[in-house]
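Here is the structure we will look at.
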Amino acid sequence: MATLKDQLIVNLLKEEQAPQNKITVVGVGAVGMACAISILMKDLADELALVDVMEDKLKGEMMDLQHGSLFLKTPKIVSSKDYCVTANSKLVIITAGARQQEGESRLNLVQRNVNIFKFIIPNIVKYSPHCKLLIVSNPVDILTYVAWKISGFPKNRVIGSGCNLDSARFRYLMGERLGVHALSCHGWVLGEHGDSSVPVWSGVNVAGVSLKSLNPELGTDADKEQWKEVHKQVVDSAYEVIKLKGYTSWAIGLSVADLAESIMKNLRRVHPISTMIKGLYGINEDVFLSVPCILGQNGISDVVKVTLTPEEEARLKKSADTLWGIQKELQF
């Protein structure tokens, strides 16, 4: 007796269902799921895989997303704690790790998360040896270094989400001050994602008009309008959100989907993201920091050389020294 399906559909072709644009998200906490929904809403993948160690939570999140399939254009959403589910991913996004507690610095998390990475990274490499790795877990600059070391991947394929979000926060706050949409407010926050990030005031502009040319004191203590408060708000904002709601999720999820779009569509847009910066700005260690990078299908193909003031360069170097001080003590 022919099944209903056989009566309805005549098959013309035995297909092997290999994904062409698969994305994996490791970690289905608030950040991982914000990344997942943002990626789904942007139609970036033909398959989305989720991995976590908490099996019930993982299955529940997968089912919840699958039930939204009618409203999405990603035909396959899968999950497992077994990394075989991640096979043949183009992009693997790592959000797993210990969460930052209220008042805890991102650097404090480091050894807890290194131990988690020692398990995750080799599994990713085993099943997707040609993928790009996008690290989101904090402290992101150090963990991007850790992922690079453990994976053995070339540095172009190991990317930290870095200051993409810090710069987005900066542009939003700048826009709020000026009454202009963030897209039309340009400014870059570079260096460490977190407390020692560096705002590049010389490049801050609207429509190519440098704000520093109008206010030479911009970003200094002498500035009557105290624009450096904008950068202070960027640094404090995550702590404030964590204090208010327990964690941050939506903005980082959107920021990660923005990076995923540049990679999956080979856009070659410039983003402030964490890359191996050895040889730039007088930095001689294997340190990952955010600088403007051209991002496309091969990951980070080029770095834009930003002209920094001596003070900005010194701050970048100090960040690098801080990070290296922690990195050289790590056990892995």
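Including glycine, each Cβ sits where the backbone N, Cα and C put it.
Residues or ranges marked as active site, proton acceptor by Swiss-Prot on the basis of similarity to another entry: His193. Here the Cβ of His193 (active site, proton acceptor) has 31 other Cβ atoms within 10 Å, regardless of which shown protein chain they belong to.
Annotated substrate binding site per Swiss-Prot: Arg106, Asn138, Arg169, Thr248, in sequence order. A 10 Å cutoff on Cβ-Cβ distances gives Thr248 (substrate binding site) a total of 20 other Cβ atoms nearby, all chains included. Secondary structure from DSSP puts Thr248 (substrate binding site) in coil.
Counting every protein chain shown, the number of other Cβ atoms lying within 10 Å of the Cβ of Lys57 (SUMO2 cross-link) is 14. The secondary structure of Lys57 (SUMO2 cross-link), as reduced to three states from DSSP, is helical. Taken from Swiss-Prot, the feature SUMO2 cross-link covers Lys57, and the record attributes it to similarity to another entry.
Contacts of Lys5 (N6-succinyllysine) defined by a Cβ separation under 8 A and a same-chain sequence distance of 6+ are given as none. A helical conformation is recorded for Lys5 (N6-succinyllysine) in the three-state DSSP classification. Annotation comment: Swiss-Prot describes Lys5 (among others) as N6-succinyllysine.
Feature annotation from Swiss-Prot assigns N6-acetyllysine to Lys57 (among others).
The N6-acetyllysine annotation in Swiss-Prot covers Lys81 (among others). Within its own chain, Lys81 (N6-acetyllysine) has Val51, Asp52, Val53, Glu55, Leu58 as residues 6 or more apart in sequence whose C-beta sits under 8 angstroms from its own.
Annotation for Lys118 (N6-acetyllysine): spatial neighbours Ile150, Phe332, criterion Cβ-Cβ under 8 Å with sequence separation of six or more. Look at Swiss-Prot and you will find Lys118 (among others) tagged as N6-acetyllysine.
The annotation N6-acetyllysine is assigned in Swiss-Prot to Lys224 (among others) on the grounds of a large-scale study or a structure entry. Lys224 (N6-acetyllysine) falls within neither a helix nor a strand when secondary structure is assigned with DSSP, and so counts as coil. Shown in sequence order, Glu217 are the residues of the chain, 6+ apart in sequence, with a C-beta less than 8 angstroms from the C-beta of Lys224 (N6-acetyllysine).
What Swiss-Prot records for Lys232 (among others) is N6-acetyllysine, and it gives a large-scale study or a structure entry as the kind of evidence. Lys232 (N6-acetyllysine) has a Cβ environment of 13 other Cβ atoms inside 10 Å.
Among the features that Swiss-Prot reports, phosphotyrosine is placed at Tyr239, with the record citing a large-scale study or a structure entry. In the three-state DSSP assignment, the secondary structure recorded for Tyr239 (phosphotyrosine) is helix. Neighbour count (other Cβ atoms within 10 Å of the Cβ, all protein chains): 17 for Tyr239 (phosphotyrosine).
Around Lys243 (N6-acetyllysine), the C-beta neighbours below 8 angstroms that are at least 6 residues distant in the chain are Glu102. For Lys243 (among others), the entry in Swiss-Prot reads N6-acetyllysine, with the evidence type a large-scale study or a structure entry.
DSSP assigns Thr309 (phosphothreonine) to coil in the three-state reduction, outside any helix or strand. According to Swiss-Prot, the feature phosphothreonine maps to Thr309 (among others), an assignment based on similarity to another entry.
Within 10 Å of the C-beta atom of Lys318 (N6-succinyllysine) sit 14 other C-beta atoms, taking all shown protein chains into account. The N6-succinyllysine annotation in Swiss-Prot covers Lys318 (among others) and rests on a large-scale study or a structure entry.
The N6-acetyllysine annotation in Swiss-Prot covers Lys318 (among others).
Thr322 (phosphothreonine) counts 17 other C-beta atoms within 10 Å of its own C-beta, drawing on all protein chains shown. Under the heading phosphothreonine, Swiss-Prot lists Thr322 (among others).
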May I ask which of the recorded positions His193, Thr309, Thr322 is closest to Asn138 (substrate binding site) if we compare their C-alpha atoms? His193
Could you give the Cα-Cα distance between Lys57 (SUMO2 cross-link) and Arg169 (substrate binding site), in whole Å? 30
Where the distance is taken from Cα to Cα, which of the recorded positions Arg169, His193, Thr248 turns out closest to Thr309 (phosphothreonine)? His193
Would you mind checking how many other C-beta atoms are within 10 angstroms of the C-beta on Arg169 (substrate binding site)? 22
